[in-house]
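This report refers to the structure that appears directly beneath it.
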């Protein structure tokens, strides 16, 4: 009886969480405007108020200002490119024709598909509606009325299944999945570098508030510099935490959802070693590692970049077949 009540509480809790997440869709473009506003404010504080005018002072000040502005604009361009790539790239849609690979004689699914779903807490709610015996171990989304490929999850905000879903991010007003996860990581990377640069560049102006000597510049400009310093410092520290977390996910070839669902699993079957795990996200062409794009060759020969097929550790397959 107590187990039944606990199960009911879990269902209610899960339903409340999804209902709360569904409210994110009403934010829409507001979050995009908020992100652009933060970038614009930082740009105004660094370029317009401080280092732009310093270009015309002469001597070492001009050289320093030129170096800071060149680096900042380069990082800003990569930040915005990565950000809008995440926003406007579909994270991965399940093709309507997709079906799991099933052995018709044995009635078994492909080990890759089976291992991804066995023991999942979501399995009981997403079994195939067809009732066929061979589909008993394959997840089926009743909301989308379709089968779920490996590592796929249903997003209650987007109202559809997302390939290799990591999470729904309110900052990009989009899901982070198989097709835009690299762009999301680059967005975090370039945002951290940009905020670190702005913080270090504005540090002398921040310290000027606590100095005894006379402060140059208008009170308004000093206030703008102070706020921009604090804002970028706060964002830089928080983003660094997210960046480290996602780097660890890439190294283990897992996602935020999978890390939570398989936290007690001794061996993650998609972990092929940090090098291959990294290439599944960033590709094999090093020229494209730090830009939000893939080379055509990687897209042709790496099916994992499309989000439907992922290689599995051979040792794990052997253990499952014992």
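Here the Cβ of each residue, glycine as well, is placed from N, Cα and C on the backbone.
Features of the protein shown, as given by TrEMBL:
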| type | residues | note |
| --- | --- | --- |
| TRANSMEM | 20-46 | transmembrane segment |
| TRANSMEM | 66-89 | transmembrane segment |
| DOMAIN | 138-261 | domain 'Palmitoyltransferase DHHC' |
| TRANSMEM | 183-210 | transmembrane segment |
| TRANSMEM | 222-244 | transmembrane segment |
Give, as a single whole number between 0 and 100, the mean pLDDT over the domain 'Palmitoyltransferase DHHC' (138-261).
91
Within the domain 'Palmitoyltransferase DHHC' (138-261), residues counted as helix, strand or coil by DSSP:
70 helix, 16 strand, 38 coil
